[in-house]
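Pulled from TrEMBL, these are the features on record:
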type	residues	note
DOMAIN	1-380	domain 'Major facilitator superfamily (MFS) profile'
SIGNAL	1-18	signal peptide
TRANSMEM	42-58	transmembrane segment
TRANSMEM	70-89	transmembrane segment
TRANSMEM	95-116	transmembrane segment
TRANSMEM	128-147	transmembrane segment
TRANSMEM	159-178	transmembrane segment
TRANSMEM	207-230	transmembrane segment
TRANSMEM	242-261	transmembrane segment
TRANSMEM	273-293	transmembrane segment
TRANSMEM	299-319	transmembrane segment
TRANSMEM	331-354	transmembrane segment
TRANSMEM	360-376	transmembrane segment
Amino acid sequence: MSSIVFLAVLLMSCSQFASQLYMPVLPDIAADLALSSSASQAVLVSFFITLGLTQLIAGPLRDKYGDRKILIAGQLILVTGTLICGFAESNWQFLLGRVLQGIGSASPVLISRTLLAQYLTGAKLKSAMASLAMAASVTAILSPMIAGTLAQLINWQGLSFIMVLHFALVLWLGFVVLPKSEKNAAQSIRPSALASLYKSLLQDKNLILLANFKWLPTYLYLTIQLYLPFYLQAQFQFNTEQIGYAMMLPMAGLLVGSSLAKIMQKRMSYMKIVKLLWPALPIAAFIFEFSHISALVMLFAYTLIMMVFGAYFPSYMHIIGLLQPEKAGSANALVGAIELLFFTALAWLTNVILFSSQHILPLIVLTCSIVLWLCWRKLSLNLTLCER
C-alpha cells in the first residue's frame with residue numbers, strides 16, 4: 001500500500017507543478033511574450049479553466065475505465081503541452097501549451113484524490129489523506145523557490161523541460177504500479193447520462209455545502225496568487241528570485257495546516273478540525289488592512305489563509321469519500337470543475353476589476369469566512385441528523 005500512497009503524492013504534484021511553477025515568473029513571461037499583466041494572468045488562468053472542463057469528462061471516464069488507462073492518456077497529453085510551452089515563441093503557442101496542460105492534468109488530479117479511498121479504509125485512510133495533504137503542502141512550498149531560482153539560471157522556458165522529465169517519471173510509475181485490470185462502475189458516458197449524473201450530484205445539498213470548503217479557499221488562493229507577484233514587484237521592488245522566495249512563506253502555511261490536520265484527526269473528526277481553524281480567516285482579513293506597511297505583513301496574512309487551506313483539503317477529501325463512495329470520481333470532477341471554471345474566472349476578474357483599493361482584499365476574505373462558517377453550521381447539523 002505504500003506504493004499507492006507514494007503514487008498518489010506524485011500524481012498530486014503533477015497538477016501543482018503545472019499550475020504553480022509559472023506563478024513567480026509571471027513578470028518574465030509577460031515581458032518575453034509582450035503581454036500585459038492581465039493578459040499573462042489570463043494565459044495562466046486558461047490552464048485552470050481547461051482543467052475544470054476536462055474533469056467533467058475525466059471523472060466519469062475514470063469511474064468507467066479505471067485509473068490506469070485514464071492516467072496514461074492524461075500524462076501523455078500533459079507532457080505534450082509542457083513541451084509546447086517550453087518551445088513557445090509567441091503568446092498563442094504558450095496558450096496552446098497551457099490548454100493541453102490543463103487537459104492532461106485532469107487525470108492525475110482526479111486519481112490522486114480517489115486512489116487512496118479505493119485501497120484504504122478507516123484510520124488508515126484518514127492518516128493517508130492527511131499525509132497526502134502534507135506532501136502537497138511541501139510541494140507547494142518548494143515550487144516558488146524552485147521556479148524563482150531556476151528562472152535565474154535557465155529562464156522560464158527551461159522550467160518546462162524539467163517538468164517534462166517529472167511528468168514522464170510519474171507516467172512510468174503509474175504504468176508499473178496501477179493494476180491492468182480493475183473493477184469499474186457501469187457508468188455511461190453519453191452526454192445525456194452525464195447531464196443526469198451531474199444534475200443529481202448538484203441536488204445533493206450536503207455535497208454542495210462541503211464543496212465550499214474546497215471552493216472558497218481555492219478562490220482566495222488564486223486571487224492572491226495572481227495578485228502577489230505584481231504587488232511585490234510594484235510596491236516593494238522585488239525581483240523574480242525574491243518573489244519566488246517570498247512566496248515560500250505563505251506556502252509554508254499549507255504544511256502547517258495539513259500537519260495540524262494529521263495530528264488532530266487522531267483525536268477528533270474532520271468537521272471539528274474545520275471549526276477550530278476557521279478563526280484564522282477573519283484574523284487574516286484584519287491583517288490585510290495593513291499590508292501596505294511591509295511585505296511581511298502581506299505574506300503573514302496570506303500564510304494564515306494557506307494554513308486553513310492546508311487543513312481543509314484533507315477534511316474535504318475524507319468527507320466527500322463518505323458522502324459519495326460509489327461516485328467518487330464524478331463527485332470530485334464536478335466539485336473540481338466548478339472550482340476551476342467559476343472560481344478561477346472569478347479570481348481573475350477580481351484582479352482585473354476589483355483591486356482598485358487596498359481595502360478590497362480584506363473585505364473579500366471576511367466575506368468568504370462568513371460564508372464558510374454558515375456552511376459548516378448547516379453541514380454539521382445535516383450530518384448529525386443523518387447519523388441518528
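Keep in mind that glycine also has a Cβ here, set from the backbone N, Cα and C atoms.
A TrEMBL annotation is a machine prediction, not a hand-curated record.
Within the same chain, the transmembrane segment (242-261) packs against the transmembrane segment (299-319): three or more Cβ pairs sit under 8 Å, each pair at least 6 residues apart. Here the transmembrane segment (42-58) has long-range neighbours at 15, 18-19, 22-23, 26, 29, 35, 70, 74, 91, 94-95, 98-99, 101-103, 105-107, 109-110, 189, 194, 198, 222, 226, 329, 332-334, 336-341, 344-345, 347-348, meaning same-chain residues at least 6 beyond its ends whose C-beta is under 8 angstroms from one of its own.
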